[in-house]
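Quick look at what TrEMBL lists:
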{"type": "DOMAIN", "residues": "A:17-186", "note": "domain 'CobW/HypB/UreG nucleotide-binding'"}
{"type": "BINDING", "residues": "A:GLY20, A:PRO21, A:VAL22, A:GLY23, A:THR24, A:GLY25, A:LYS26, A:SER27", "note": "GTP binding site"}
Amino acid sequence: MPDTTRPDGTTRSFRLGVAGPVGTGKSSLIATICRELADELRLGVITNDIYTDEDARLLRSAGVLDPERIRAVETGACPHTAIRDDVTPNLIAVEDLERDFAPLDVVLVESGGDNLTATFSPALVDAQIFVLDVAGGGDVARKGGPGIARADLLVVNKTDLAQYVGVDVPQMVADAEAARDGKPVLALSRHDPESVASLKEWVLAMTKIVRGGGHTPVDPGPMAPHSHTDENGVMISHTHAHSH
Amino acid sequence: MLADGRLPTGGHTQSAGLEPAVRAGLGADGKQPADVGAYARDRLRTVTRTEAAVAVLARHYANAQAITTEADKPSPAGTSGTEPFVMASRFVQLESAWAARTPSRALRTASRRQGRAYLRLAERVWPDVLQHLPRDSEIARPLVIGAIGAVTGLSPEQVARLVAYDDAQTVIAASLKLLPGDPAVAVTWLAALHDDIERLVNDVAPLTDIDKIPAAGAPLIDQFAEQHAIERMRLFHA
Ligand SMILES: Nc1nc2c(ncn2[C@@H]2O[C@H](COP(=O)(O)OP(=O)(O)O)[C@@H](O)[C@H]2O)c(=O)[nH]1
Ligand SMILES: [Mg+2]
């Protein structure tokens with residue numbers, strides 16, 4: 001479990017992991033968070049690319065954050081290992097970023113993707129978002145898995161596409177909630193400002209909680225129920241995007 | 001334990017130069033077994049021999065330091081971690097000797113990054129290592145391995161074998177990602193390197209003189225490494 005202060009006395013950021021299968025919109029979600037919050041929070045980004053520094057480049061070219069604050073870590077074709085079994089290269093990258101741009105409020109760590117079982121080690125991140133998309137099919141949420149069941153926030157992304165892929169978003173969200181014991185699920189589309197605002201609120205609220213020391217990172221393995229859902233009424237437990 | 005690729009020290013990000021070599025044409029003619037095995041063997045005769053020798057020297061120095069400064073050891077890390085740590089001059093000289101024999105800046109950077117990863121693990125598992133090397137710092141990997149070898153009571157032969165085996169295994173394991181084939185076949189390439197590994201061990205284990213560290217370079221490996229560091233499409237760090 002990470003300490004809040006480092007031995008050399010420098011401050012430590014809230015480290016937020018973004019996991020989920022390839023193509024579900026992790027990089028886009030990070031770009032959205034940067035765009036929405038770069039004025040309010042001091043941000044940094046670490047990407048775990050499968051084969052290229054594509055994600056880092058995409059984010060740098062999105063112009064949402066100083067390119068220097070976005071760094072890529074190689075995963076040797078083991079994106080799962082990189083965020084879970086051996087977090088050393090990522091941890092070094094996060095700490096170096098925190099040192100080079102001190103003080104940072106939030107460092108976002110994008111997983112290289114992999115499958116439904118790839119989740120972050122609590123040694124690397126304080127909290128994590130797991131991203132699914134409607135295009136992956138309405139059944140995915142029901143199938144569950146450690147990321148779906150226990151991530152701090154589950155995002156059902158690209159709801160704007162639901163009508164084209166025949167997915168019933170409220171049903172998919174309800175399935176996900178059932179698999180998650182009431183932990184928050186957010187139906188998101190970058191084309192839906194209301195859902196983007198909810199995402200922003202969640203990140204801000206979580207930042208406040210983690211930085212206030214009120215959160216214990218969890219990840220697969222038995223976990224105590226989370227109690228951060230209704231902090232000041234800002235935390236969304238479930239947000240259903242309106243259909244388009 | 002130190003030879004286990006599952007040790008959390010970022011080993012999965014390393015290909016021991018195989019990725020850039022493959023990009024430069026290794027294995028392209030379909031003779032993968034011969035190529036990958038020969039590449040690992042070339043390393044054992046050049047760059048890895050230097051690495052192993054430096055690790056052996058680092059173990060030697062760490063043991064000597066433990067004896068001479070038993071009375072006034074610096075406080076182990078974790079007490080405050082903020083006091084400046086001055087590395088013994090012999091380790092500084094050893095790092096320079098290693099750097100002088102490692103002309104590629106990309107390879108020096110990669111080795112120091114790995115050394116740091118080992119040092120971070122050692123801080124938790126074998127904290128005595130911090131009596132020799134400053135915590136969480138970028139120090140060439142063979143120095144860190146040698147210091148860990150000293151505090152865990154390894155012999156010079158074990159330290160040399162560890163470096164040699166780890167390097168060969170890194171090449172072989174990476175080949176499964178870069179030139180996918182039958183994993184059992186890959187293990188036979190590793191087994192075939194046994195004699196080369198033992199020859200290296202016999203040659204470098206007795207070393208106690210910094211000037212005797214072998215300096216057989218492998219210019220192509222250096223050149224590939226430099227190219228790789230600016231490459232866009234990368235699976236492995238180096
Ligand atoms: N329609 C739609 N497409 C999206 C949305 N978010 C991301 N995408 C697209 O999904 C694809 C994969 O996104 P990316 O962020 O690279 O996914 P990653 O592999 O999880 O990082 C890209 O073509 C994005 O433009 C969304 O909200 N709606
Ligand atoms: Mg991505």
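The backbone N, Cα and C atoms fix where each Cβ goes, and this holds for glycine too.
Whatever TrEMBL says is automated annotation, not expert-curated.
Here the structure is a predicted model, which means the values were calculated and not measured.
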Starting from the Cβ centroid of A:GLY20, A:PRO21, A:VAL22, A:GLY23, A:THR24, A:GLY25, A:LYS26, A:SER27, which together make up the recorded GTP site, report each further residue of the same chain whose Cβ lies within 8 Å of that point, ordered by sequence.
A:GLY113, A:VAL131, A:ASP133, A:ASN157
Counting Cβ neighbours within 10 Å across all chains shown, tell me which of the binding-site residues A:GLY23, A:GLY25 comes out on top.
A:GLY25
For the binding-site residues A:GLY20, A:GLY25, A:LYS26, A:SER27, which residues place their CB under 6 A from an atom of ligand 2?
A:LYS26, A:SER27
According to DSSP, collapsed to three classes, what secondary structure does A:SER27 (GTP binding site) have?
helix
Counting only residues 6+ away in sequence within the same chain, which have a CB under 8 Å from the CB of A:GLY20 (GTP binding site)?
A:LYS26, A:SER111, A:GLY113, A:ILE129, A:PHE130, A:VAL131, A:LEU132, A:GLY147, A:VAL155
What count of other C-beta atoms do you get within 10 angstroms of the C-beta of A:SER27 (GTP binding site), across all chains shown?
22
Cβ packing number for A:LYS26 (GTP binding site), 10 Å threshold:
28
Counting other CB atoms within 10 A of each CB, which of the binding-site residues A:PRO21, A:VAL22, A:THR24 comes out lowest?
A:VAL22
Reduce the DSSP letter at A:VAL22 (GTP binding site) to three states and note it down.
coil
What average pLDDT is reported by the model for the domain 'CobW/HypB/UreG nucleotide-binding' (A:17-186)?
89
